[in-house]
Amino acid sequence: MGAERARRWKLLPFRSLSLPPPAAASKAKNRPPDVPVPPSPARKEAQEEVPAEFLCPILGAPMTDPVILPSGRTYERACVRACAELGLSLTPDGVVAAEGSTPGGGVAVAIPNDALRAAVRTWCERTGRAAPVAPPAEEAREAVLRAVPAARAPARSASNLSCSSEGASAASTSSSSTSGRSSREMAAAEVEVVRGGKAAPKEREKEKEKEKEEEPARVADAEEEAVAKAVEAGDEREVEAAMAALRRATREGAERRRALCVPRLLAALRRVLLSSRHTAPARADAAAALANLSLEPENRVLIVRAGAVPALVDAIASAAAPPEACEHAAGALFGLALHEGNRAAIGVLGAVPPLLAVLAGRDHAPRARRDAGMALYHLSLAAVNQSKLARAPGASRSLLSVASDAAEPAPIRRLALMVVCNVAACAEGRAALMDAGAVATASGILSDDGSRNSELQEWCVAALYAMSRGSPRFRGLARAAGADRPLMLIAEQASPGVHKEMAQTALRTMLGLADNSDDDQISNSRNNEGNHGGGKQPQRRRVASWSAPPAATPTSSHQWRSVCID
């Protein structure tokens, strides 16, 4: 036997089942660890379908906030809210219908379905799906509108439908003509037919409110056009009718007056007042319309800028103007003078002399005199008008004559004294008043009427105090007029207040015990209380009552209540 052959071992390739192939391993090393391996198409097909009980019957998507209705069915809460907003109801078989069409189909009671919500979340976590998100309100509204059954609307009974046969035929015509519209628009139209045109109550309410807000402006535009055309045409009957209608319109309310105060209408009123060929009723109605428009603070500057003041002054000063137009023009100037920025302009345009003539003239109506006095009082709060009254020939004597006439009504006398106090605020006015005998007049009123009329007494003391400031002539004139005795009685017996302090200061100045030239403390406190045009001005709306003092002024001032001119 020969030598034994050496055994040879055949090495087979060995591959570990626990390790990935080299190529796969290298790819796994290069892939980022946080990027999941996308599933294969076969795995996508093998994914579980969403269970039917997880889907909302209206949206067709998994529910994130399911609620149970009294009918026993479960819906997404956003869809239930959309039904309530649209005025729809959900029937027991899951059909969206008009509200009240099916008993027990309301959406007012909704109970959260916590068990179903937890089941949906658990299923999403198990299958690797993202948790469902609540749909937006607009998406839920569109889904509800799409769910309205269009084919079932004609089959309903007449008691469940509020639309008539004409409405049904109109709906069929509109549906045929809107075949190219989107499904959302068609569904909205179907809901409107089913509910008798009440598919969007909130939107309709907003539209109605907007129309209501725009109604005064539209009416004002129509009236403006009618009045302007009538005045431009020049027909006296049309002008008279237009002015009467405008006068009535300005009495309807503040909003209407603000809407009517436009340049074109103001220009028409100005033309009627300035033209003597128009009838007396037309001119009176034009003045009354301006007086009513001046009741609103927003209109006062606009009226002055429109150039109405010269027309009002002409209605007061002209002898050919109707008495009613003069009366209403005085009321209009009264309203315009309440605005502080208008006072200088009204005085420059020449309103002071005719207003003073109306106040002093007994042939004018009582309301015209009161309105003219109030306008003059507010105008005299401006320094430029104080100088005008001081320089006007006979102005001081006219005011003092009205104030001292016992036959005049007490409100007219008080207005004259109020203007005197304003004029005495400037050195030029004090000199003019003293030349006209104002110290003797005020002293005589205090001696004669002081005990009977406390308001006249207070304004006389205020006038004496104003004339005593910085005037060396006051001491001699007061002693000659015997003002020391009434002032002493007031200083001793009057109740504490500005009135008593002014009497004491004027008495000390008259006796030479004090110099009142630089004493502004009493004047400032008096202005703050409203006695002399300072502080808070009373809001005029129209002179009608003079019986009680306003809340913002002491008992010495006047009072009126606001009314429109009929």
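Positions of Cβ are set from backbone N, Cα and C atoms, glycine also.
Feature annotation from TrEMBL assigns region 'Disordered' to 17-47, 155-224, 515-566. Here TrEMBL flags 49-130 as domain 'U-box'. The annotation compositional bias 'Low complexity' is assigned in TrEMBL to 164-181, 544-557. For 192-221, the entry in TrEMBL reads compositional bias 'Basic and acidic residues'. What TrEMBL records for 264-308, 307-346, 350-394 is repeat 'ARM'.
On the 0 to 100 pLDDT scale, the model's mean across the repeat 'ARM' (307-346) is 93. According to DSSP, the secondary structure content of the repeat 'ARM' (350-394) in residues is 32 helix, 0 strand, 13 coil. Mapped onto DSSP classes, the repeat 'ARM' (307-346) shows 32 helix, 0 strand, 8 coil.
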